[in-house]
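These notes concern the structure reproduced below.
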Amino acid sequence: MAPNYFLFLLPLFPFSLSVHTQAALLLLLLLTRKQEMQFTQAMRQPRHATPLFPLLVLLLMYCASGCIAAAPALEYRCGYEVMIRRSGPLPTAVVREVPRKGRGAMQAYTVATQDDDSGWEPIRIAVSTEDLERGTNKRNYFEEVEDECYNALGYKLSCTPEHVLTEAKKQLYTRKILPGAVKIHTERLLVKPTGGTITVPRAVNGPCSHFTIPTRHKSDGVPNADFIIDAAARPSGTDSRAVWATTCNTMTDFRPSIGAMNLDPKYMTDTAWSVRVAAQEIAHALGFSQDRMEEKSLVKKPERSVRGTHRRMVAGNHVKANTQAQFGCESLEGMVLEDEDGPREKAIPHWKGRHARDELMAPTVGAGHYTDLTMAVFADME
């Protein structure tokens, strides 16, 4: 009866054994039962449980090998989840303020939190969507196919249907993508509040000069905010620049105070992916950039080469400690940056993809987990 019991147990291990392995074991069991019947007929002696033992050992060996093989991939993914759980959610709630009279397209996202005497509070991010208003910025947005307009970098483009900022996409951008992306940061990042208003300089250089900035931001400033992001949704003209962001202005301690971001309507989706992509770009504007990291002396090339290459890495104290803890290696000097795309990756840094593929700041946004590694970068900028 031992093989019968074993046949009953076999379905209990569907995730440990492949289909081919189960078939092989089933055949082995049938052969074993046939031999037992022949042995019983010849000897007419009571059967013992001996045939079950080697089969059970074989089953356990297959199960163990399957579990061991699956462990590294599972552990790599779960490692990030463990860090997120260890960090714990901040006791916050993001509140979208109702625009007051005269505020136009300004959206403020404030955070309700418990009292804290340390002086650190959740970052307050104000989002300006003035650039999306056709009344003030008509030439930058397509109305019809074959119209001409300018992208967020000042280049003239021709329109294709997927680049049109429809009312539905505008609502998706302003009511889901931007609030969701901002929330990802406000739930995690703490800052010393500015204590006053942020005033946009009269002259803004570089890519930021092509964004529509409300006049009142230059005259009266923006109160109750630690960071301002000017959001646009113009066609990019190239897939490599479909979504991007930059820092427009910093405070005296190099802390970013104003940023700009563009998201091509062609790439807007009603999914978490678009929210995570926007969150990554806001992180670049907040300081996850080559310039900000160099200003704080966080990027270096180690003296010891890795596979014959001196790879750039972020080597701030917090990043170093979190990298060593994440990979269980005390000799690591920091977290390696991506270098596969050459000069572009040096200007727009991301974590090395094969080391942090599910991280928010990986080169290609996937799961987009906001882990201790990325938060450590902002901690090292303090």
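From the backbone N, Cα and C atoms, a Cβ is placed for every residue, glycine too.
Marked as transmembrane segment by TrEMBL: 6-31 (among others).
Residues annotated as transmembrane segment in TrEMBL: 52-74 (among others).
With a 10 A radius on its CB, GLU281 (active site) counts 25 other CB atoms from all the protein chains. If you look up TrEMBL, you'll see GLU281 marked as active site.
The annotation Zn(2+) binding site is assigned in TrEMBL to HIS284, HIS350. Taking Cβ-Cβ distances under 8 Å and a sequence separation of 6 or more, the neighbours of HIS284 (Zn(2+) binding site) in its chain are TRP244, ALA245, THR246, THR247, ILE348.
If you take the C-beta of HIS350 (Zn(2+) binding site) and look for same-chain residues 6 or more apart in sequence within under 8 angstroms, you find LEU337, GLU338, MET361, ALA362, PRO363.
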